Structure formats: structure tokens, C-alpha cells
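Notes to accompany the following structure.
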Amino acid sequence: MGYPTLFVRLTGCPLRCRYCDTRYAFQGGRRMSLAEVLRAVRGITDPSGQPRFVTVTGGEPLAQPACRELLALLCEAGYRVSLETGGALDISGVDERVSIVMDIKTPGSGEMAANRPANLAALSHKDQVKFVICDRRDYEWARDRLAVSHIAARCEVLFLPVQGERESGQPPADALARELAEWILADRLPARLQIPLHKYLWGDVRGK
């Protein structure tokens, strides 16, 4: 977090998380060939190749048949590439140079049934698992998953306070972030608190 990063956002997603803040990515956009995407990325980076970090996200990027090929091409072009995935689709076959950031959906997402446990075996030390936490119930559920699955021994674990649409009775985002930090510290979890830095800096402005 904190490095200048270029985001390639692909259209379409099979999930409908209650708190989703990128619903505009469910449809729309424009069709582009892989060559066009690469040209667009190169057109944004400067002559020295900065930024070097490229994140492919969505929607759900793996819903696009050419996503794996795009990831490999970006790696071949010299970028440090990460993939943000909701975890409902098979992640096997993703280029091993790509850092995978995979959600495990909590009860508050409304999409817990979409979790694909088999994906955990495909993760390694360079990857991250992300739990979006809506409330104390979500936190306890995620804490218990860590205890039984030993995910933290395989890859980095992130806990994020929910930032999207909030249900009645849920605390404000800042208050939840503070509570989440206290819960993680109290339970000595092998997890990292992450907040969406771009939202704190620019709010919901698209393209930031």
C-alpha cells in the first residue's frame, strides 16, 4: 500500500456483495484487445516505466476468459502485477509471477456461499487473503477461519473495515476501523489491518 499503481479494471462479476463500491463495473466499459490494453498501460506509464505496479481488478477479472493471458503479458512487459479476485472462481493457472489478492467472503457480504476453499491451496507467500469486515460477527467468523485453516502460514492476511454501502446499525467506517484494530490487537491475530488509502485521500472519485 502507498506505491503508485495503475489499475486495469475489467467488466463483469458473478457476485453481488452487499457493500460493493464498484457496481459500475458490473457492465459497461468497452471491448479492447489484449494489445490495446497493453498500449493503454504503456501510454500511462512514463519513459522510465513508472508506475511499475499494475493491478488487474474488476468486477471479477477472472470472469474474463483472456484475463490469465493479460496477466502473463503484463509480467512479460516488466510490470509488477497483482490480481484482485473475489475468490469465487478458480485461481489455478494464474502466472506464478502474479501476486494474488483473494477475498474470503464473510457473512456480512451476503456471498459467503461463493467461497471456493480449494483456491487456498493455490496461494503462496507472495499472495494475500482479504477479509472485508462489516461488524463484530464478521470479525469473529474471520478470526475462527484463521484458527482452523492456518491461512497465515501460507500467505499474508488482511482485515479491511467495510467501506461500501452500509446497513442500518453498522458503525461509521472510521469507528469500525478503530474497533477492528483493537480486536486484532486483543486477539493477537496474525493479520494486518488495511484501509483503502485512495478513499481517504480522494473519496469516491473514479480514476484515483
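Every residue, even glycine, has its Cβ placed from backbone N, Cα and C.
Per TrEMBL, the feature domain 'Radical SAM core' maps to 1-204.
Around ARG9 (substrate binding site), the same-chain residues six or more apart in sequence whose CB sits under 8 Å from its CB are THR22, ALA25, GLY29, THR57, GLY58, GLY59, listed in sequence order. Positions annotated as substrate binding site by TrEMBL: ARG9, THR57.
Summarising the annotation, TrEMBL assigns [4Fe-4S] cluster binding site to CYS13, CYS17, CYS20. There are 20 other Cβ atoms within 10 Å of the Cβ belonging to CYS20 ([4Fe-4S] cluster binding site). Secondary structure at CYS20 ([4Fe-4S] cluster binding site), as computed by DSSP, is coil.
All chains included, 14 other C-beta atoms sit within 10 angstroms of the C-beta of ASP21 (S-adenosyl-L-methionine binding site). Annotation comment: TrEMBL describes TYR19, CYS20, ASP21, GLY59 as S-adenosyl-L-methionine binding site.
Residues or ranges marked as Mg(2+) binding site in TrEMBL: THR22.
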Using a 10 Å radius around each Cβ and counting other Cβ atoms from all shown chains, which of the binding-site residues THR22, THR57 yields the largest count? THR57
Roughly how many Å separate the Cα of ASP21 (S-adenosyl-L-methionine binding site) from that of CYS13 ([4Fe-4S] cluster binding site), to the nearest whole number? 13
Students should find that the Cα atoms of TYR19 (S-adenosyl-L-methionine binding site) and CYS13 ([4Fe-4S] cluster binding site) sit apart, in Å rounded to an integer, by 14
According to DSSP, collapsed to three classes, what secondary structure does THR57 (substrate binding site) have? strand
CYS13, CYS17, CYS20 excluded, remaining Cβ within 8 Å of their centroid ([4Fe-4S] cluster): LEU15, ARG16, THR22, ARG23, PHE26, GLY59, GLY86, GLU111
Can you check what DSSP calls CYS13 ([4Fe-4S] cluster binding site), collapsed to helix, strand or coil? coil
